[in-house]
Amino acid sequence: MASNNVAQFAAELKMPAGVLLEQLQAAGVTKASEDDSLSETDKARLLDHLRKSHGSTDADKRKITLTKRHTSEIKQSDATGKARTIQVEVRKKRTFVRRDETSAENGDASNHVAEADVDDLELQRREEEARHEAELLEKQAQELKARQEQLEREEAERQAREAAAEAERRRAEEEAAKKRAAAEAAAREQAQAAKPAQAAQPAAAKAEPVAAKAAEPAVAKQSEQDDERAAAERAAQREAAKKAEDAARQAAEKARAEQEQIAKRRAAAEAEARAIREMMNTPRKAQVKAPEPAPKPAEPAKAAEAKGTLHKPARPAGEAPSRPAAKKPAAAAPAATTTPSAGDKKKPGGGKGGWQDDAAKRRGIKTRGDTSGGVDRGWRGGPKGRGKHQDQNTTFQAPTEPIVREVHVPETITVADLAHKMAVKASEVIKSMMKLGQMVTINQMLDQETAMIIVEELGHHAVAAKLDDPEAMLVEGEISDAESLPRPPVVTVMGHVDHGKTSLLDYIRRAKVAAGEAGGITQHIGAYHVETPRGVITFLDTPGHEAFTAMRARGAKATDIVILVVAADDGVMPQTKEAIAHAKAGGVPLVVAINKIDKPDANPDRVKQELVAEGVVPEEYGGDSPFVSVSAKTGAGIDDLLENVLLQAEVLELKAPVEAPAKGLVIEAKLDKGKGPVATILVQSGTLNRGDVVLAGSAYGRVRAMLDETGKPTKSAGPSIPVEIQGLSEVPQAGEEVIVMPDDRKAREVALFRQGKFRDVKLAKQQAAKLENMLEQMGEGEVAYMPLIVKADVQGSQEALVQSLLKLSTDEVRVQIVHGAVGGISESDVNLATASKAVIIGFNTRADAQARKLAEANGVDIRYYNIIYDAVDEVKAAMSGMLAPEKREIVTGTVEVRQVFKVPKIGAVAGCMVTDGFVKRSSSVRVLRNNVVIFTGELDSLKRFKDDVKEVRQGFECGMSIKNFNDIVEGDQFEVFEITEVARTL
């Protein structure tokens, strides 16, 4: 609580009130009694008075002195060339004074004086450093100049030696040429001398035969001597030429070696000069440069000159792995021992070295910038201290060439496998991963990119491994030691829709399959194996509707024999021709079954003629295709058909390995709500067991359950046996090859590769709106789109329905399949339909309760179909409603102009007679002059007498004016017409 009067303030200060009153009076504060009040101003005046009376000032409290120390290092070489590191400590003292209005000027003056003292010391130190640095730079410049002069002298000497060698070579060549010319001249003289002797010989022989016989030995002897002399001269010439060439080659090699040595010296001098220039351009504080390799021991004088400069500290012996001394250990060792270091002094331990040396050095000054401390002395070592614990920096070790391996990195690899490929410990790989910020274990999987980065970090060469090719795996599977055994034939039943394929198969299987198909037509591939008295046959029943072309092609691809079913009362139809084409393309033999022979209007002969026209010739006509007349209703001819099928199978000699990994074909695939992805597989070779890891396209997984065509569980399936498997990661595409893989990792690797490879194809099938499509739409004008989402029960039906709907697209209306998949209609499908304004088509599927509720809330249209005809027809009708209506002109009447009136503010008005039909007020009109159309427009007014009328019929007169047209002449004709819109259909 603040004191308000003199008595309270005296009690607070613990002094008598009378003494306080006296002090207040002395300070100029007039207070009469102890009860008088005191203000803050009175207290401040009292405080100032007491300070002045006691002689105390606040000058010391207003001044702060700061002392700053800065330690730096410089390197200096003495006269012997030893490099020394000198520590420089700069102490700066600065005083800050708190100024007020009265003493501002005095404070400034004192501050300047204090700073001036410090600045003088700093200035002197900087001048000394600058002078020292200038001396060093001048010394280095002189050294550089001397070295350049020496190089120039060496270059001049080399050129002189080359000129002398060249002159010697030319002189030798000239001498050899002179000798060669002299020898040739002597040979010519001998030849000329021999010619007269030969010419005179016949005459002498005729006159004196005895003398000629006596002279023959002398001539022969002379010619032999001449030949020997010429051979000796040629040998001497060759020897002289060879000596001249050897001398020239030796001179050239010597000159080249000298030139290379001079070039090396020049390059070293230029590098040193460039380094000096760079350091001269660097800031003054950046004095510690990355150490450079020490000079060769063969040049001690130059090494001494190169050491001990401000900008070039010498490098320790063990730091430069690429220095020349590393190649010659015997020469490097003396250099290391004979060059004393800058700080070498006798240690207390003498020559014992070891830990005492290290402790002594630690107690010394640790210079941060001195990376060398001498030529061959590191931080820990010294020439005297080579004991039991000598430092590695002072011990020469022969460099070992690191082994760089080429590591093939697959898509995924564990840490242990990667370390094994590089021949390093797994801990090294884990350390590298930790440096990159990832904590991994020894069994953790790494992706290819991360693994390649690790390989490069550890100094090896990483190569992306060639991805596993499923075709290569198939080839490897074929090269198997398993014995090939006979297998059942795979028979595909093909033909036109409603020709009785399924009924025929139904009779063979003794099961009512056709009754279960919607509309009585097959919309899936059915795979069954039937045990007959003659053997096992696997049947594939394919759809005959035109929409299922791809499904039929898959059936022909997997089959051995095709049964072509043709109705005897219908003949060859479009899908019959297509089935024949599929069978021929696959090189599959045909067995023709002429069905429905029990009908009254059956005509098998006509069917045979039509098939012959298609290239299918019966055996009775000299062909190779057996024709069997059957009736699926009565069972007539069924046994003959099976017998022909098995006969064809025996001819083909169908075999497959049984004790081998299975491979096959996906016949059909679907998404079951309780089972997940389900695929119908036809095993083509090997044996498929429950628990095997299978790969089907981009789907993979372990076979969790396996059912036969009757729905009964089975543990294994051999060749030509169809089974339904569960456990795949996703619904595979129908027609994909199925391969049994050795393990999950390999299967996942190939599946991920295929997913990445075919991602673009998948996106293209979804037909997302992209820039190209937008540009197409802009070029084509207004194009209407019908977005659809197609969900089907199986993959083949969904594929066939999508293809059929896409065929409905025209230039004006296009079908856009936003999404197509297998399975029930879910909430995500409804949300997608809401965003894309699409219609959902469910083919043999239904929406769950949540999806139906969401569709009702968002107004999404869901259509259900179980026959492909109905889906295609309704979409076609909806697309017809989206077409722009067609405009048609209907001529309603003809008018003849009898008279033309000019009306102010209106223009020309034609007095007309309706000669045919009628004229309406809202009609359009064409003006004909001499039967040529000169104008087309609309009526502006239609009057009869003075009244506006809506219609004037034939035989009546009227007045007409045309909008924006006044060039009306008597005798013109008006053709009156109306434009109507007519709905279009696809």
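Positions of Cβ are set from backbone N, Cα and C atoms, glycine also.
Remember, predicted model here, so these are calculated numbers, not experimental data.
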Query: According to Swiss-Prot, which of these ranges is region 'G3': 33-36, 541-544?
result: 541-544
Field: Per Swiss-Prot record, range annotated region 'G4' [choices 71-74, 595-598, 971-974]
entry: 595-598
Query: Within 10 Å of the Cβ of Asp498 (GTP binding site), how many other Cβ atoms are there?
result: 16
Field: All-chain count of other Cβ atoms within 10 Å of Gly495 (GTP binding site)
entry: 29
- line: The correct three-state DSSP answer for Gly495 (GTP binding site) is strand
Task: Give the helix, strand or coil assignment DSSP yields for Ile597 (GTP binding site).
output: coil
